[in-house]
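Annotation source TrEMBL lists domain 'Mur ligase central' at 114-292. Annotation source TrEMBL lists ATP binding site at Gly116, Thr117, Asn118, Gly119, Lys120, Thr121, Thr122. Residues annotated as domain 'Mur ligase C-terminal' in TrEMBL: 314-428.
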Amino acid sequence: MDYKNKKVLVIGMAKSGVSSAALLCRLGADVTIYDVKKREDLPKDLLHELDGFSYRDMLGQDPMDKIPEMDILVLSPGVPLGLPFIRRAYELGKQVIAEIELGFAVSKADFIAITGTNGKTTTTALTGEIFKNAGISTHVLGNIGVPITQEAMQTAPGDVVVAETAALQLDTIESYRPRESAILNITEDHLDRYGTMENYIAAKAKIFKNQTPKDYCVLNFDNDIVRELEPQIKAKVVWFSVSTVPPNGAYVKDGIICFSLDGKELDIMPAEELRIPGRHNLENALAATALACLYGISAEVIANTLRTFPGVEHRIEFVRTVNGVTFINDSKGTNPDATLNAIRAMVRPTVLILGGYDKKSDFVPLYQAFTPMIKAVIVLGDTAGKLIEAAENCGYQNYIRANGFEDAVLKAYSIADEGDNVLLSPACASWDMFRNFEERGRIFKEIVNGL
């Protein structure tokens, strides 16, 4: 699409919004930026990327009156579609697209798109590392921290974009069509936005809506919700599984990570040599293996990367051992299922720190799934009361309520014995106390390093 002279309203001035506005300015669009916050209330350096460009500023204003004159609205992830001026845009037949849609339209690269409730960032980073090690010009972008629009103009034919793709980014796609897509898992999350699991599943399923039989869609055979999506998919479906050997896909057989397609089986490496720990990370590695094999990358490159990939910050990340107590940062555990994955990876008695922003999750199944390794829970944040109620409903009494984040860390340390873990895996978003889970994880590490 030619964006020159198009009147575009970019909504939401976080990373992806600023990046979208800058890209559109380079493409010659007539750009207006909007955020509910005024300019002086935004982070100081946020808009520097727009220095030197001509654009209109509607920061902190109501854009309703400007909607009729706009051609396109570009939405940052998480912008509610029910905002009155967005509803008005739909009524007037305006084009309303996601930031990833804009980046995809401008990019010349092949897209490998990865979604799922949990494991997206690790799988995206691992897949990107495999592709880079294969000598392919690779851009690791999307929800992982670098907007697609930031590097879209730098891509060339033959490049690959490995894109972490969240449901919030898929809500308003039109032509976004990855050559390969993957759905790692779908469990309860974001019900504060979607209202029902059916709506959340439908948002995730948009990742394959534009794919054709020339494309591939990699699915988790072990996740019932994901498996049931197969009949909707036009792309060729390839599976991954830690529990069985699917007809096409990645799996573990006799302790060996394998990949098969159309009857041809390839041995990759012993599963025990995978560097990142836990069953969930084995699933992530199998998904990355399938995506890489489908692109023609050799078993040797895949195996070497799986053996050396250290994991991603804020995902079951070792921080420090203090007086025999090991501190682990899993700030990316922003829903109960992610926290359950972290719990299952613990092999020593663990004091668990839970709580944060309420995404309308049900915490009862989390308590019911506790392993004997969880010796105590520290609760805090907006969900503290809800977490205590869920604990008592399950008959779990070994909890302590903290008065703030630092107090939670100190309380956890005070009751941990030598040889124990203190695990930050909140099962909640961070927005009640922090800008994002990264900030929460960094502050956790600062507190721990100050002990």
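Every residue gets a Cβ built from N, Cα and C, even glycine.
Feature map: annotations from TrEMBL on the structure.
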residue: Gly116; record: ATP binding site; contacts (Cβ under 8 Å, 6+ apart): Thr123, Ala182, Ile183, Leu184, Asn185, Ile186, Lys204, Asn220
residue: Thr117; record: ATP binding site; contacts (Cβ under 8 Å, 6+ apart): Leu184, Asn185, Ile186, Thr187, Glu188, Asp189, Asn335, Asp337, Ala338
residue: Asn118; record: ATP binding site; contacts (Cβ under 8 Å, 6+ apart): Leu184, Asn185, Thr187, His280, Asn335, Asp337, Ala338, Asn341
residue: Gly119; record: ATP binding site; contacts (Cβ under 8 Å, 6+ apart): Leu184, Asn185, His280, Asn281, Glu283, Asn284, Ala287
residue: Lys120; record: ATP binding site; contacts (Cβ under 8 Å, 6+ apart): Ile114, Asn143, Ile144, Glu164, Thr165, Ala166, Leu184
residue: Thr121; record: ATP binding site; contacts (Cβ under 8 Å, 6+ apart): Asn143, Ile144, Glu164, Val312, Arg315, Lys332
residue: Thr122; record: ATP binding site; contacts (Cβ under 8 Å, 6+ apart): Ile276, Asn281, Asn284, Gly311, Val312, Arg315
Under a three-state DSSP reduction, the secondary structure at Gly116 (ATP binding site) is coil
Write out how many residues of the domain 'Mur ligase C-terminal' (314-428) are helix, how many strand and how many coil, based on DSSP. 35 helix, 30 strand, 50 coil
Shell list (ATP; ref centroid = CB of Gly116, Thr117, Asn118, Gly119, Lys120, Thr121, Thr122; cutoff 8 A): Ile114, Thr123, Leu184, Asn185, Asn284, Ala338
Averaging pLDDT over all residues of the domain 'Mur ligase C-terminal' (314-428) gives 96
